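All remarks here apply to the structure that follows.
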Amino acid sequence: MDILIAKLPVADWINDFVKWLSGFTGFFNGVTNFIGAIANMFQWVFDLIPIWLFFVLILGLTFYVKRNDKKWGLLIFELLGLLFIWNMGYWRDMTQTLTLVLTSCLIVYVIGIPLGIWMAKTQWVNMVMQPVLDFMQTMPAFVYLIPAVAFFGIGTVPGVIASVIFAMPPTVRMTNLGIRQVPVDLIEAADSYGSTSWQKLFKVQLPLAQSTMMAGINQSLMLALSMVVIASMIGTLGLGTQVYFAVGRNDAGAGFTAGLSIVILAIILDRITQSLKK
Amino acid sequence: MTIEVEVKNVTKIFGKQLAKAKKLVRENKSKEDILAQTGATVGVDRASFTIKQGEIFVIMGLSGSGKSTLIRMINQLIPATDGQILIDGQDLTKLNKQEMIALRRKKMSMVFQNFALFPNYTIIQNVAFGLEIKGKDKAQREARAHEALELVGLKGYDDQYPNQLSGGMQQRVGLARALASDTDILLMDEAFSALDPLNRKEMQDELLRIQSELHKTIIFISHDLNEALKLGDHIMIMRDGQVIQTGTPEEILTQPADDYVERFIEDVDRSRVLTAANVMIKPAMVNIEKSGPRTALREMRENNTSSIYVIDNQQRFIGMADARDVIELVRKQQKDLGQVLQKDVPTTNPDTPIKELMSEISTTPIPFAVLDEREHLLGIIVRGAVLGALAGDGVTE
Ligand SMILES: Nc1ncnc2c1ncn2[C@@H]1O[C@H](COP(=O)(O)OP(=O)(O)OP(=O)(O)O)[C@@H](O)[C@H]1O
Ligand SMILES: [Mg+2]
C-alpha cells in the first residue's frame, strides 16, 4: 500500500541522472564550443555584411525561389517588413534570432534527416523512435531549459540545444514518412534492375520523398523560431530578449513591436522555405 | 533448346509460424486450413516448371493464385520460403545480396502493371535507368536508350516526363527500359492489363515483333486467355498457389487438366464477346444499275470467289448471284443480272453476337450479309472466318 501513498521519487531519479551526466564536463564543453563556433560564425557573417546587402540577399533569394510561380507580393512584404525591423532598432536582435534559428536548424537537419532515413529503412529504429519523438514534441519546451542550463550554462548554446530538441521531430518524421510513401512498384523497379541500397536511396527514395521532407524542414524551422522567447529566459540574445524585457517592464508598446518583428521574420522564413518545396 | 529457368518445388508462405505452415503444406492441407490454423498465407505452393530459352511463358490464374509472388521470386524481390530456382544452373535462393544484385543487373529486367516509371526522371533517363545502375557512362547509356525507344516505336519524347505520356506510351517506355538493360530474361507482371483494348492489342503485336528479333526469354503474367493464347509458347495455369497445368496453347484448349482449367477456357468463350462486325469480311460487290454479268464475273475472278453480292445505286443490298448463273448469262449474251438474283440471303446487323448466329452459320451454305439500318451492305460472314476468330486469329481488322 505504501507505494500508493508515497510519491514515487521520479524527480529524484531525474535529478540524480542529470547530476551524473554533468560529470562528463569534457564532453559538454566540447559540444558547447562546437555549437558556439557555428553560432559565432553565423553572427560574424551577419555583423560583417552591411544592411543594404542583407536586403539584396534576402530579396534575391526570394526572387530566385519564386521565379516559377511569379508572385511578387512577398518581395514587397519583405522590403517593408525588414525596413520596419531596422527602423525599430531591432536589426541586431533580428540577426541574433536568425543565428539561433539557423544554428538550431542546421543541427536539426544534419541529425534529423539521417535519423529519418534510418527509421524508414529499419523497423526496430522506427519502433524505438516513434515514442521518443512524441515525447520530445509534447513535453513543454520550458522543461528543456533546465538540463540545457545545467549542462551548457547560459547564453546562446543552451538556447540552441533546447531549440534543437524541440524542433527536431518534424524533420525526422517527415523524412521517414516521405520515404515510406514512395510507391512500392517504384521500389520494386529500382530493386529489380539491381540497385544497391544507396543507389535506391539517392536515385529514387530521396528525390521522391523531397516534397514531404521539405514540409518537415519548414515545420522545424518554425518550431525553432517559436523557441526564441523561451530561450531568451536563459540568456539567448535576440528579438525574444526584447519581448522578455518588455514583459518585465510592463511595456506593451515595446512588446508589440518586438513581437511583430518576430512575426515578420517568421513569415519571411516560412514563405521562402515553402517555395523551396515546389 | 536450352533451359533458361528451372523452378523446383518453390513455396512461399507469408506470415509467422513458418515451420508449422511448411509442415502443413507438405501434408497437402488447403490454403484456407493453413490460414485458419497458423495465420500464415500460402502464396505459392510447391510450384515446379521449366522455361526454355527464347520462349514466351505465360502464367495465368485467378486473382490471388500466386502469379505475382511467383514471378517476384524469380528475381528474388520476394525470397522463397522453400525450394530451388535455377538460372544458368545457379540456385538463386542460395545467393548472397551482392551476388543477387549482380545477377539482376546481368540477367533480368521487369515490366510492371502500372508502368512504375520514375516521375522525377525524363523518358530517356527512365529508359537508361538499368544502365545507370550498372555504372555505364551517360553517353553510352543514352545511346542505348535511344535504340530501345526506337525499337518500341517511341522517338522524340526523350525530355518529356512520364506523366506527359498516355498509358500506352508509358508502357512502351517501361518495355524500352527493360530492353535497354540488355538482359536475357524479361519478367512482365500483367504488363498490358492497365491498357485499353486497342493499345493492348497493339502492344501485344509489338511484343511479338520485338520478340521475333531479339528472342528473349519472357515470363508474362496475364488474366486474359486471349492474350495468353496469342503470346504464349507455353501457358501455365495456377490456382491457390499451385500449378494446375502447363502446356502449349493447343494442349490447354484441347486437353484441360480439370474443371478449373475448363472454366478458364469457357470463361473467355469468344462467341459471346465477338459480334458480326468483328468477323465480317469484305465481299465481292457489284452495282446492278451500273454493271452487267461481265463485270460481275471479272470481279469474282479478282476476288477469288464463286458468288457476288449485288447492290443498287443507293448502295442497298438486293441479293446475291452465283458464278455459274452469271457465266450462263454471259454465254446467252444477256445483260440483266436481275434474272439470276437470289434474294433469300440470310442477313444480320453488325452488333449481333456470333453466339446467336452460330447454329445458322453452320447449317446454311450461303454466307450471312451484314447490313446496317439503311440496308447498306457492310460485309459478309463466312464460316471459315468465324471459326478462325473463335480460335484466336482475329479477323477484326
Ligand atoms: N506481402 C504479402 N503478405 C501477405 N500475404 C501476401 C503478400 N503478398 C501476397 N500475399 C498473398 O499471397 C497470395 C498470392 O498473391 P499474389 O499477389 O501473388 O496473387 P496474384 O495471382 O498475383 O493475384 P492478382 O491477379 O490479383 O495480381 C494471395 O493470397 C495474397 O493475399
Ligand atoms: Mg498480381
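Sequential numbering from 1, following the chain as shown.
Placement of Cβ uses the backbone N, Cα and C atoms for every residue, glycine included.
Per TrEMBL, the features are:
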TRANSMEM  A:20-38  transmembrane segment
TRANSMEM  A:45-65  transmembrane segment
TRANSMEM  A:71-91  transmembrane segment
DOMAIN    A:94-273  domain 'ABC transmembrane type-1'
TRANSMEM  A:98-121  transmembrane segment
TRANSMEM  A:141-167  transmembrane segment
TRANSMEM  A:221-246  transmembrane segment
TRANSMEM  A:252-269  transmembrane segment
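Distant neighbours of the transmembrane segment (A:141-167): 18, 21-22, 28, 31-32, 35-36, 39, 96, 99-101, 103-105, 107-108, 111, 220-221, 223-224, 226-227, 230-237; these residues of the same chain sit at least 6 beyond its ends, with a Cβ under 8 Å from one of its Cβ atoms. Below 8 angstroms of C-beta separation, residues 103, 106-107, 147, 150-153, 156-157, 160-161 of the same chain, each at least six residues beyond the ends of the transmembrane segment (A:20-38), sit close to that stretch. Taking Cβ pairs closer than 8 Å, the transmembrane segment (A:45-65) reaches residues 74-75, 78-79, 82, 86, 91-92, 95, 98-99, 268, 271-272, 275-276 in its own chain, all 6 or more past its ends.
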